[in-house]
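Have a look at the structure below before the remarks.
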């Protein structure tokens, strides 16, 4: 057996052998349990990022460990030329969670599995084009991925411009502006295929859609025969206190994309379609080698077995506790979001410095903007961990604002 390459120091070797897409990380994490992680020097942190909203059940959750270990010992990968039970069970459960026990909706809903949120949005993009119409309307500041198709849907010029020309036919509307969106649709309704949005924009600072906006978009799509695509990659799987964030308004999209928390740390994404949208794909129209891998599907099945209605209600409660505690911290101007997807708006542009200072105070933070800290902790975070995190963040901000 060949001796594998040896690495003397992880952080020193990182920039030598990995393409410079992320810069060099500040710490090397080696273990995790629940809502905490430990670095190579033994420092313990409360993880308020959860792998960017991925580790819904935290680190080393026993249900995921058991499911993955059992499945991998039986069958690891076979491709979609063959059926495996885990993928069918996960699809059936997602259909039920989407349909909210409406048998008619459930009977018209199907799922495509892939590996990530970007791939799920690529599938949604292709569904929209299969309607025979060309235009897709996406929100300014929205984020749907970094592959070429999902990047075309992303309303952030700094991410788009270096890779032009992107797939054509995407036009942008101000997020939350229903009047502008209506005018844009009605400028060419017969060539407009779909409207895509996130219920809460995460990458630009945790910005919820205005109340009633999703309902208005649903009505606009119904009027003109458009697909309503909701990107739940970051907001879905219980993150906001509802299983899907769009359920907060009681709307039913035509297409829902998801990933991140679905696998609880293993790579799996999904594009769910209902009604006429579910009839657009046929054999050969789309595919993926690893999508629906039985090991990732087993992990997703374990996640879904834990995240039930009672669990989601507790996420909502913990989110309210977190927000209430944060609003009392000096240096915090506002807290927005729902459930355990929160944007902490600071009264000074020190969010990026807070991320760095957070390590010294035992916190893993994320700053999508100069004055915003994004919090997406594991959904299993405890009340005591929330209070400890708020105290630590208060110390960070006091230090920076001194």
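Cβ atoms here come from the backbone N, Cα and C positions, even for glycine.
The pyridoxal 5'-phosphate binding site feature in Swiss-Prot is assigned to 117, 118, 143, 231, 232, 233, 234, 289; the stated evidence is sequence analysis. Cβ neighbours of residue 289 (pyridoxal 5'-phosphate binding site) (same chain, under 8 Å, six or more residues apart in sequence): 79.
Counting every protein chain shown, the number of other Cβ atoms lying within 10 Å of the Cβ of residue 288 (N(2)-acetyl-L-ornithine binding site) is 17. The annotation N(2)-acetyl-L-ornithine binding site is assigned in Swiss-Prot to 146, 288.
Within the same chain, residues at least 6 positions away in sequence whose Cβ sits under 8 Å from that of residue 260 (N6-(pyridoxal phosphate)lysine) are 52, 53, 54, 56, 117, 233, 234, 236, 237. DSSP assigns residue 260 (N6-(pyridoxal phosphate)lysine) to a helical segment in the three-state reduction. What Swiss-Prot lists as N6-(pyridoxal phosphate)lysine is 260.
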Proximal but sequence-remote residues of the same chain as residue 143 (pyridoxal 5'-phosphate binding site) (Cβ under 8 Å, at least 6 apart): 154, 155, 156, 159, 198, 201, 202, 203, 204
By a 10 A CB contact count over all chains shown, which of the binding-site residues listed here is most packed: 118, 233? 233
Can you tell which of the binding-site residues 118, 231, 232 lies nearest to residue 146 (N(2)-acetyl-L-ornithine binding site) in space, using Cα positions? 118
Which ones in the same chain are close to residue 231 (pyridoxal 5'-phosphate binding site), with CB under 8 Å and 6+ residues apart in sequence? 117, 121, 124, 142, 144, 196, 197, 198, 257
Could you state the whole-number distance in Å separating the C-alpha atoms of residue 232 (pyridoxal 5'-phosphate binding site) and residue 288 (N(2)-acetyl-L-ornithine binding site)? 20
